[in-house]
């Protein structure tokens with residue numbers, strides 16, 4: 001009997017346990033409330049757009065501007081990716097010389113063995129980037145035939161950073177090469193899956209989600225739609241004369257327009273506004289001024305397009321460039337105004353994702369818009 005009496009808790013002990021439970025529950029509830037408030041205070045931005053539009057470069061800019069950029073170890077890890085970009089670029093160009101119509105011969109026949117060497121190493125995945133490789137690349141890039149083939153790169157699939165890194169082959173080949181911020185911005189690595197970047201601007205928390213833009217990646221987008229503050233849609237304006245990698249047939253800008261329309265009219269996104277980044281303005285200007293690929297050859301309606309009276313060109317901007325960029329802007333705005341129901345809006349901005357100052361300025365301009373969307377999202381406006 002004595003043993004049974006000792007095993008039961010006194011009323012006083014039970015009271016202490018109950019008090020501890022209540023205090024523990026209070027702490028948990030307080031923490032949950034804190035997390036709920038932090039969640040509500042966070043601006044969630046979803047980056048969407050077709051493949052190779054510049055979404056990942058925008059994320060890199062946010063890291064440079066708001067997360068102290070990349071540390072030395074991260075830069076070191078990117079060296080292999082950058083050298084792979086060089087290899088992919090030169091392999092693609094020399095391989096295309098014989099396949100485009102009409103084909104392009106080497107200007108210097110003595111470079112033939114170099115071209116053969118580059119083609120021979122194309123399938124090697126764990127390639128050792130020797131000085132021999134860099135010497136061959138440098139000589140080939142100096143060949144006028146290779147340059148002529150590069151000028152026709154809209155006829156085949158070439159990464160945007162090809163010229164940038166081929167022109168910097170001397171520094172990229174150095175044993176003690178350290179990538180610059182601009183090198184990191186230019187480096188092309190295929191985005192597969194969903195990547196989240198967190199940063200803070202003036203004590204406001206932002207979560208930016210970058211998802212792959214290729215067709216087979218888009219099924220993953222739906223996972224990111226929950227509680228999104230705003231969509232940043234990135235369109236490569238310079239792609240008006242290019243075709244997508246997936247089928248080598250569909251015009252890239254048409255694909256971007258179709259994708260934008262499907263997002264704009266998506267029933268799950270009818271209340272989420274879109275910030276439209278009309279990207280690659282630097283490359284668009286180069287193409288327009290070069291005059292080799294005319295926009296009207298791909299978009300016949302351009303022939304009758306007139307720049308709106310309220311259009312404001314950049315200082316010193318060529319009128320041909322102004323007309324081209326506003327034409328592309330209006331292609332997207334035509335979609336948003338045709339089916340808009342007043343529940344969401346489209347805010348266009350001209351961007352150059354590799355230009356840090358441009359992205360700083362544009363993102364600062366967007367912050368007020370994002371804040372208004374956030375207040376509306378939680379019915380505070």
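Glycine is treated like the rest: Cβ placed from N, Cα and C.
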### Query
Which of these ranges is annotated region 'G3 motif' in Swiss-Prot: 206-215, 216-225, 226-235?
206-215
### Summary
For the Mg(2+) site that Swiss-Prot gives as 191, 210, the extra residue out of 56, 336 is 56
### Task
May I ask you to indicate which of 339-344, 345-350, 351-356 is given in Swiss-Prot as region 'G5 motif'?
351-356
## Note on the structure
The residue range that Swiss-Prot labels region 'G4 motif', out of 267-274, 275-282, 283-290, 291-298, is 275-282
### Query
Which of these ranges is annotated region 'G2 motif' in Swiss-Prot: 183-191, 192-200, 237-245?
183-191
### Message
Give me the long-range Cβ neighbours of residue 282 (GTP binding site): same chain, 6+ apart, Cβ under 8 Å, in sequence order.
### Response
352, 354, 355
## Note on the structure
Around the Cβ of residue 279 (GTP binding site), other Cβ atoms within 10 Å, all chains included, total 29
### Message
Measuring Cα to Cα, how many Å separate residue 210 (Mg(2+) binding site) from residue 191 (GTP binding site)?
### Response
8
### Query
Fewest neighbouring Cβ atoms within 10 Å: which of the binding-site residues 52, 210?
52
### Greatest C-beta neighbour count within 10 angstroms, which of the recorded positions 178, 185
185
